[in-house]
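Structure in structure tokens, see below.
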Amino acid sequence: MKNNYTSLKSPIDEEDELKTDHEIDLEKGPLPEYDSEEESTLPPYSDHARLKNPPYTHREKNPSRSTDNSSPFLIKLLISFTSIILFNAPAVCYLKYKDAFFKNYGAAEWTLFGFWCLVCTLALISLTYFYETWTKAVKVTVISLAQCVKACGKGIKHFLKNWRNMIFAFCKSSLFCLVLLKAENELSSHLGDQQWGWKCSASAFTFMAVSSILIFIAETVEPGSCSTDLVKRVQAYCGYEARQYASSNTAIPLHEMNPENEA
């Protein structure tokens, strides 16, 4: 089958393409020879060539410029020394308060002081060398403590908001304790025996402590749960029993309602 393809380009367009092929880019320079048979070579000014040979950047001009943002050595040393001073400040203040700072030192005291200076020096070296590690640990600890304080503040606020009836709850529990103590004294004096009196006292105090705590919690969480609600429940129960009794007395028997069935 013959190829009947005919070019639609005019002779003028073909001359323009030949001119543009032979033009030289002033920025890129003349085109080097490209051998299409070699697979390893790439045509110049192509996208792959740009990826393999990235453009010259300003960062390559300064290869010695470091990107390390760590603190300088003197700042690390100063912060570590300040932390050691703050750690030793309470001991120095205590010695100043006792008026024993570098006074009447013997051989043992000077030996201990020298050992302590050695420990502080080693601590200073360690803190300076491991500066990033211990500062990060301090930051994490401070953040954790701040979160704990925030949580405790929310808990106290919730406690004060929901447990606002603490005074009345304390008064009710105290009144309950006084009544129970009076009953315990009467029972102990009535029994007379010391052994039984001691047992009654121990039982009464245990029951009083547990009951007062429960009453305090119940009255604080739900005010009136141990007094007002109890009275209301008793009144409701008594009213229910009265209604049941009245309904049972006023009920009409079936034979009175239907006398025809009886006949």
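Residue positions begin at 1 at the first shown residue.
Just so it is clear, glycine is given a Cβ too, placed from its N, Cα and C backbone atoms.
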Taking 159-179, 201-221 as the choices, which stretch does Swiss-Prot tie to transmembrane segment?
201-221
State the residues, same chain only, that lie 6 or more residues beyond the ends of the transmembrane segment (73-93) and have a CB under 8 A from a CB inside it; answer 'none' if no residue qualifies.
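Beyond its ends, the transmembrane segment (73-93) has Cβ neighbours at 101, 120, 123-124, 127-128, 131, 135.
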